[in-house]
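Report on one structure; see the data block that follows.
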Amino acid sequence: MVIYNSMIVWVSVLGGLNHLIQRNSQVQYMKRSVYKNDVPLFMALLTFGYIIFWVGIRSGVADTAAYIAGFNSTPVSLSAIPQYWDFGDNKSPGFTTFNILFKHFISTDYHVWLMTIAIITGIPIMIVLRKKSEHFFYSTYLFITSIIFFWMLNGMRQFLVAAILFLLSDWIEKKKTIPFIMAVLVLATIHFTILVMIPMYFFVTAKPFGKKIALFILLLLLAIIFLEPFVSTMENALNDTAYSGVTNQFAQDDGVNPIRVLVMAVSPIIAFIGRKTIQKEEDPFINICVNMSVICAGIYFLGIFTSGILVGRLPIYFEIYNIILLPHLLKVCFTKDSSKIMFVLCTVGFFAYYFLQMRSSYYVSDLTGLVGGI
């Protein structure tokens, strides 16, 4: 946990330093005038570079060992690529193809491979936060304390496609439907769960708390009642795939931790309370973030009543938008004084959640050895 704690300290120190050396400049953001702290590219790279470094040099955290074994067993010859494009036997032909190309043209060293994936995953998140977030460093703090960053260490293949699609969030805002669907289909060759974003695209582009979101909530309630047999069937279908080990692990669980559901409900609850303010702003990207947040909380809520990887891993595609949404909500949905109080409460609350979830975590690297404990 020492390594993970150092990430919070690093972000906090750089955030404080940036606040001291940068002057606030007034910018026009969409249809409203706000004060946005200008974060130099160097500072953003320095901030995420530290996270990426530790993610990239790991060698044994969570499912990392399984990924390393898979990479080492991947052939080097380009002639092997066609055999992996049989979707009946291989659920991630795009990822396998990437690994073959990487080993053939770049390196067979898994250290280089892990670092490359860490960079490809981390940089898109940094770019979007720097462009869209009203408080880059606080969003990065939430990225860590809401445990989203841990997807870079556990479940990196799915988070890789989530990060790339996050980079393409402008396509959702500008309603570039065909390019968005094409991107999802390509990314589905890396992790098939990204396909959920095709139907959800039509929900997230709707008016916040409007009829489409009400329909989603209704479907969610019906799912809680009727879809447990369906979910169980889907998870059983994964038993003979690369997910078999993870599925067995999740089968021992009783579903999503209710505490996580409560944490993920913070943003949509605040958004609902301040929905009139949000409607007056008419900010399309914030509207998308609100809908993403509602869907995220809804899927996590569904996860309480089910178990396994299928439901428990879907929210990551929506959850990441919370780290942009929450700082905005804390600023616009409260008075100046109450906003400061809410910032403090959320900062402390998310750190408490982080500590609760990560207190028994460990970190393993060929460079550091085993690092565990507080």
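Each Cβ is built from the backbone N, Cα and C atoms, and glycine gets one as well.
Per TrEMBL, transmembrane segment is recorded for 39-57 (among others).
Marked as transmembrane segment by TrEMBL: 110-129 (among others).
Residues or ranges marked as transmembrane segment by TrEMBL: 141-168 (among others). Tertiary neighbourhood of the transmembrane segment (141-168): same-chain residues 4, 7-8, 11-12, 15, 51, 55, 58, 61-64, 67, 92, 95, 117-118, 120-122, 124-125, 127-129, 180, 183-184, 187-188, 190-191, 193-194, 197, 263, 313, 316-317, 319-323, 326-327, 347, 350-351, 353-354, 357-358, selected by CB-CB distance under 8 Å and a gap of 6+ residues from either end.
With a cut-off of 8 Å between Cβ atoms, the residues of this chain six or more beyond the transmembrane segment (180-204) that come close are 91-95, 97-98, 157-158, 160-162, 164-165, 168, 171-172, 212-213, 215-216, 288, 291-292, 295, 310, 313-314, 317-318. Residues or ranges marked as transmembrane segment by TrEMBL: 180-204 (among others).
Among the features that TrEMBL reports, transmembrane segment is placed at 213-231 (among others).
According to TrEMBL, the transmembrane segment annotation covers 255-273 (among others). With a cut-off of 8 Å between Cβ atoms, the residues of this chain six or more beyond the transmembrane segment (255-273) that come close are 146, 208-209, 290, 293-294, 296-297, 300-301, 303-307, 311-312, 315, 319, 322, 325-326, 329-330, 333, 346, 349-350, 353, 356-357.
Annotated transmembrane segment per TrEMBL: 285-310 (among others), in sequence order.
Here TrEMBL flags 316-334 (among others) as transmembrane segment. For the transmembrane segment (316-334), the residues of the chain that approach it from at least six positions outside its boundaries are 125, 128-129, 132-135, 138-140, 142-143, 146, 148, 151, 155, 158-159, 162-163, 165-166, 169, 193-194, 196-197, 200, 204, 264, 266-267, 270-271, 273-274, 277-278, 281, 286, 288-290, 292-293, 295-296, 299, 342-343, 346, judged by C-beta separation under 8 angstroms.
Look at TrEMBL and you will find 341-356 (among others) tagged as transmembrane segment.
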Long-range CB partners for the transmembrane segment (110-129) (under 8 A, at least six residues beyond its ends), listed in sequence order, are 44-45, 47-48, 51-52, 55-59, 64, 67-68, 71-72, 99, 102-103, 136, 139-140, 143, 152, 156, 159-160, 163-164, 166-167, 169, 320, 323-324, 366
